[in-house]
């Protein structure tokens, strides 16, 4: 029986009027972005060094970034080829592999939900690491090691594997979305099935909690950075040796917290875009579970659900490009010249003027 709200659930061909162009562009953009991000990590973030120089150990932050990049790359490589193949053969996911019935659709939906949740959890781990490094440096230095950071990806993978497999054992349901090239868990049910709707609400609630936790961690890290800035101003107060020249404050600040500022800016932008891409899915899951949807609006509701899924899939494409931009030396130099140096010089100049006025009196 075809679900009333999912008209493409049992279709065997791709719905007319749809093109693979956008899917191909998104796949190639995500693939190139993740590969470039991995190249940057291998070149600098994970400890590349000149000949005859000791190789520095990778930082916990870069280990986590590496895990997130690998996760996004795997998700993109496991999902997009099936979408492009479905368009090329004009077959839906249910019929793309003859004799598989709905097995491929089930696997596709599992992979989509798995990597969507795994990327979110790893982004939370990065936000926690940044917060601890700024707010609790002693605890961070003593307990957070690169080896422990490398354990985040396997632990996250094990949890997501168990959680996202629940629809395969009857708690929740995977369905095929129009135009026949997407499969995901069902968010609207004509009979208000408790198991189907409970899983979608549980998934959305977990995503919402993760989003809130990431935002709180970043806000706390920003507060710690502001406190560091106030301490820096204290070093540049009148009578302090560091006030003699602007470069001294800058040299003092650069190794102390400018790298952490880079990390925080990277996390903040990734979090904003991640939140924008995740909230539509969270909203659609709650909307389908708690609001009675008229049967005649089934097509409209499915279109909105599909739009939310596409927003979710953009995360793995955007994240590596943000990382590439922020780790580019030209961008970092531009940012520090525009934002950091004027701030330090302003503090030095105001303190210097105050000292001159006091001496003239």
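Glycine too: its Cβ is placed from the backbone N, Cα and C atoms.
Annotated topological domain 'Extracellular' per Swiss-Prot: 1-21, 80-107, 172-195, 284-310, in sequence order, evidence recorded as sequence analysis. The N-linked glycosylation site annotation in Swiss-Prot covers 10, 90, 297. Marked as transmembrane segment by Swiss-Prot: 22-42, 59-79, 108-128, 151-171, 196-216, 263-283, 311-331. As annotated by Swiss-Prot, topological domain 'Cytoplasmic' applies to 43-58, 129-150, 217-262, 332-361. According to Swiss-Prot, the disulfide bond annotation covers 105-183.
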Contact yes or no, the transmembrane segment (263-283) and the transmembrane segment (108-128), 3+ Cβ pairs under 8 Å, gap 6+: yes
Least surrounded among the glycosylation sites, given as 10, 90, when other CB atoms within 10 Å are counted: 90
Overall pLDDT for the topological domain 'Cytoplasmic' (217-262), taken as the rounded mean: 61
Spatial neighbours of the transmembrane segment (196-216) far in sequence, C-beta under 8 Å, 6+ residues away: 113, 116-117, 120-121, 123-124, 127, 163, 166-167, 171-173, 185-187, 189, 271, 274-275, 278-279, 281-282, 285-286, 288-289
In the chain carrying residue 105 (disulfide bond), residues 6 or more apart in sequence that have Cβ under 8 angstroms from it: 93, 94, 174, 175, 176, 183
Number of Cβ atoms other than its own within 10 Å, given for residue 183 (disulfide bond): 27
For the topological domain 'Extracellular' (80-107), residues assigned helix / strand / coil by DSSP: 15 helix, 0 strand, 13 coil
Assigned element (helix, strand, coil) containing residue 183 (disulfide bond), judged by DSSP: strand
Length of the line joining the Cα atoms of residue 90 (N-linked glycosylation site) and residue 10 (N-linked glycosylation site), in Å: 14
For the topological domain 'Extracellular' (172-195), distant same-chain residues with Cβ under 8 A (at least six beyond the ends): 3-15, 17-18, 23, 82-83, 86-87, 91-94, 102, 105-106, 108-110, 112-113, 166, 203, 284-285, 287-289, 293, 295, 298, 301-303, 305-306, 309
Composition by DSSP (helix, strand, coil) of residues within the topological domain 'Cytoplasmic' (129-150): 19 helix, 0 strand, 3 coil
